[in-house]
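Swiss-Prot lists 2-469 with the feature domain 'UvrD-like helicase ATP-binding'. Residues or ranges marked as ATP binding site in Swiss-Prot (evidence: sequence analysis): Ala23, Ser24, Ala25, Gly26, Ser27, Gly28, Lys29, Thr30. Swiss-Prot lists 496-784 with the feature domain 'UvrD-like helicase C-terminal'.
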Amino acid sequence: MTKFTKEQNQAINDYGKDILVSASAGSGKTTVLVERVLKRILSGTPVSSLLIITFTKAAAREMKERIKQKISDQIEKEPNNQFLRSQLLDVDTANISTIDSFCLDVIRRFYYVIDLDPQFSVLTDETQAELLKERALHEIEIEYLEKNDQDFQDFYDNFSGDRDAEGARNLLLQLYNTVVTEPNYEKFLNNLPNFYQVQDDLIESDLWQTQIKPLLIKEIKDLQTEIRQFFENPQMENPDLVKVKENYDIFTSRLEQFLNALEDDHSYNEIRASLMNCKFEKNIRKSKKWSEESLETYQESQKLKSDLNDQLKKIFANFFVVEEKEQVNILKKSEKLVKTIVDAEKKLIKRFGQLKREQNLIDYSDMEQFAFSILTTDTSNAHIAQEYYQEKFNEILIDEYQDVNALQENIIAAIKKKGQNNLFMVGDIKQSIYGFRQARPDLFLSKYHAYGQNDDSEKIVLSDNFRSTQRVTKTVNSLFNPILTANFGGIDYKKEGQLQFGATYYPTDLPTASEYIFTDKKQTQASFEENFGDEMDFSEIQMVIARIKQLKEENFQVWDRKTQLKRPLEYSDIAIITRTRSDNLQVMQEFAKADLPLFVTDAQNYFQTFELVMIMNYLRLIDNPQQDIPLVAVLRSPLFNFKEPELAQIRVKTRSGNFYNALTSFASVNSDLGQKCKNFLQQLESLRSFAATHRISELIWSIYERTHLLEIVTGLPNGQQRRVNLESLYERATSYESAGFKGLYQFISFIERMRKNQKDLAQPLLSDKADKAVKLMTIHASKGLEFPVVFVMGLGHKYQTRDLSGNFTISKDGLGLTIKEKDYRIDSLVKSLADVEKRQQMLEEEARILYVGLTRAQQKLILVASVSEMEAKQKKWESEIDQKTNILPLIRKINAQSPLDFLGPKLEQKHEFDQTIEDMTLALEEQDKIYYLKFAVQSDIEEKDEQKDDTQKLSSKMNDVVKTLYNFEYPFADATKTTAYQSVSEIKKVFNDPMDTELENSRLISSSNRYLQPIDETPVFLEKQKFTGAEIGTAMHLVLQYYDYQGDKTEINLEQEIEELVELGKLNPLMVPHLSKEALNWFVMSEFAAEFWQKPEKLHRESQFSSLVNASELFNDFSDSAAKILVHGTIDGYFETDEGLILFDYKTDFVDKTHEEQAIDKIKKKYTGQLRLYEQALNEISENKKVIGKYLILLDARKVVPVD
């Protein structure tokens, strides 16, 4: 007989109240649910009178099986109990299902209440659903255009580019996904414009008083708390630091003035001015005479100062970038647009519904909406459906309650009888990870904090973990104590969320040490990452493979709970868990090479696969061959095998114009390459003619036949899967045309929209070795599962924040818009507010996702990350956790860029982790550094030095070849158009003279189709070093960015500046020997910089800007001369004089001293376009003064060069 804990017994036996069970990972919540159901049945309650809602169909099936087993076990004890026998038969037809299945039952039973045809079918084909939605959107677009509706045109103009209407369409489609989870979507939509209602006095508006003001007050008070906690350090009373303290006193006084202006409702412009005054008066220098303690405290004060400045800059950028009059104008424009959007969204919902009804279809969102309407509709029989279910169900049990949305919450409330406390909810706020499905964890939190305060409700916390060894639970607790707090995640993990070790059945001699493996990315990989994005580093996969091999070789023992015996580790005991599935194919490839069995439970990232990118690029070419990026991608693909030297040869012959023209020109050359070009162009032209008279599906199949593409991909690794993927695209094209759609361009746009909206069309991965292989899955797919050994990979991956960088943000409360003005775009205050709130919500969910991943481990947890600049990261982490509270400050958490930003600070606390390097590193011949950390129980800690193992480095050339062949995050994924956003650092090379630029030296970034070229010849002082020229150049910029022109005008000052940057973690200490201090000192002592010393307050450095530039100035293949691109960049510096602004930019380009004049002239031409961009931007953002001079600071040549 199972022995339950006190809290589990409460969850099983307590009745008469609405009960919320907060069940941590591995706490046996399913067991408790099943036991509670059995107790109800044994007390005479039929299973048909219970409603049990699960999150997935698989969970519902498991629940039914476990209930049947429990009843069967009881029947063995009471063989004559006929009631139990009848209940055993009733379980299969009982209401144990997902919320969708329950809603479907409501609709089938009471369809007549909403006048629905009972012969409806459920629309399960996602592609068909998307196509119907596309048709609905297309029809309402036609309706607006036929009416020549100017408001609608203004809406489309604001959110779409000059070439298409995708921006506006995406807004409407994404808004649809949100509103259909609202219980009253019309009310939700009608309320959206209200956020923008404002009079001329912004401070009096509801938006300011109820939304922005409370947020800003909270943020400022959080900053004040950080300062106050820092000054609790007794060391701050040290006489050494008196000037530091005085500097902070001035700053805190200014911060208090800003807070008072906020709280006292000063005018917007006064509050803005007060914020602009919130800055530190001086840059206090340290002294070598200070004690070691004072120097350490000083460094901490400098880091805090930097953080405070950064946070205030964000507040300014979000809420005070323009003055009140302009803010009000933006809000009024936004309100008008939102009203148009609301009108269009209502039409879209209505028309989409009509199209479904015409085919007698309902989709999943209809199920919940229709069920809610049925349950709340006042018919002649007065809520007949609602009363039926209220009388039918004695109790409503809900699993995974943390993941319900607003509509589901209202459905549950509708079937709960008033005055009857019969609601039983089980969930864990720490495992709410479905925000993309509109899950509302705040609904769980509101009950969590309210239940138990009266006699009608009860809160039960299940914290005992029966899944994991003590080492695993200690690891998880140690890592999450600093992360999840009341102001981040809604729960104080240290007090209320910790796992309690309950799995006492494990033998004490099992190997259970948690491990953390760093692979230190080499600096030389930086340029590669620019091309291929933030994908998983190969070394991570190799580390995991090596560790798995070692575990097998050393006969690692696992505890088998079925046999209650130890046994050797099997591959199927191991799970590799990642945040996304984008790296699946790469992992599969490496495992295949290592001859290790691997089963992938998630479908791969379909749209990013090599074969899909290849065929989509070919379709883009057939639609329009005048596109350089897809053209080069197809030429380089295995279909045609053009090599880079061949492409360069083609470009050299025709240096101007697009690449298609160059290819056409070269086809006339009498050579093997000319014939190769001719053959390609003939096939392309033949396919274009074929496309004009045939269906899209026929075109796709014709490409397969003419290029033998199916045969080619079948011969590649994982070839059968690739073939299935290509056949799937053919099937989708057939479905597209069957739905009445036509046109190749439209089909490409449809597929692209599905890709961006993550509507993956992937086919299940083919495998027959699931039971004998290592499992690879995403964290989402792993939820609810457990494995003896778990590797959590990709912890260095950057979080995706694209949703916050677009032109609109949809939140649970509103719709934030970016407004297009004549020469720029600007976020409305509603957009800025939504971005701030959504960013924190996103990061809170990322922390919860991390928790889910780590708690899958039963016996051994291994965390894996590849990290660049490891030493600098470690130095940064050392001081991040507040030493008094042992909490990671909120400011750090809301600025987290990756999981490592959450975990690193705690991992760096050496008193909790035993840091060793073991002999596993001998199996890794291709790594440079490995940080291998074992978790140690507090009482077992011994001080040990961290060891580092320098081994042979992977050949960069071979690495590039392998990655090019098997990199499935294809570098030309967005081939039909460039991004609407470019950085100056990326486009500056476009201004180069074509004679100076060979195609073979050009690169294109996959994420946004941006131009990049490698740095030109390296200056003398940068040569033959560990770091690349670009990296050293960046470091030189960094020193000049922070150089203090109020200090001593000596070389010692420069040394102190560099030392301070290292101590702040801004500059890698290994970089220091490679800096050209002579060049740096030349500039700061130069005649040009003399005025900086006299008037340092007039010097502005690292000034960011955004500016609209004609796309045709940057890209040859932009046929639309009116097309514009938003360019974002950072100006190295400018200086204010009485006459105007002096603009300057540092360059570390090599200058050939033997031909200095010609070399400087070449560099000048190279960067003239860039500086003109800067000039344009600076003139736009400067109200009173214009640029009167532009200069290049050539550090290698020690020259200041004027630019026209």
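Along the chain as shown, residues are numbered 1 onward.
Backbone N, Cα and C atoms are what each Cβ position is placed from, and that goes for glycine too.
Here the features listed in Swiss-Prot are placed on the structure.
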| residue | record | Cβ contacts under 8 Å, 6 or more apart |
| --- | --- | --- |
| Ala23 | ATP binding site | Lys29, Val32, Val426, Gly427, Asp428, Leu462 |
| Ser24 | ATP binding site | Asp428, Lys430, Val461, Leu462, Ser463, Asn465, Gly497, Leu499 |
| Ala25 | ATP binding site | Asp428, Lys430, Gln431, Asn465, Arg467, Leu499, Tyr851, Val852, Thr855 |
| Gly26 | ATP binding site | Asn465, Phe466, Arg467, Ser468, Leu499, Gly502, Ala503, Glu786, Thr855 |
| Ser27 | ATP binding site | Leu462, Ser463, Asp464, Asn465, Phe466, Gly502 |
| Gly28 | ATP binding site | Gln8, Leu462, Asp464, Phe466 |
| Thr30 | ATP binding site | Glu62, Met63, Arg66, Asp399 |
Seminar exercise, completed: Mean pLDDT across the domain 'UvrD-like helicase ATP-binding' (2-469) comes out at 93
Problem set entry | ATP site shell beyond Ala23, Ser24, Ala25, Gly26, Ser27, Gly28, Lys29, Thr30, criterion: Cβ within 8 Å of Cβ centroid | Val32, Asp428, Leu462, Asn465, Phe466, Arg467
Exercise. What count of other C-beta atoms do you get within 10 angstroms of the C-beta of Lys29 (ATP binding site), across all chains shown?
Worked result: 21
Exercise. In terms of DSSP three-state secondary structure, what is the assignment for Ser24 (ATP binding site)?
Worked result: coil
Exercise. So, in DSSP terms, is Thr30 (ATP binding site) helix, strand, or coil?
Worked result: helix
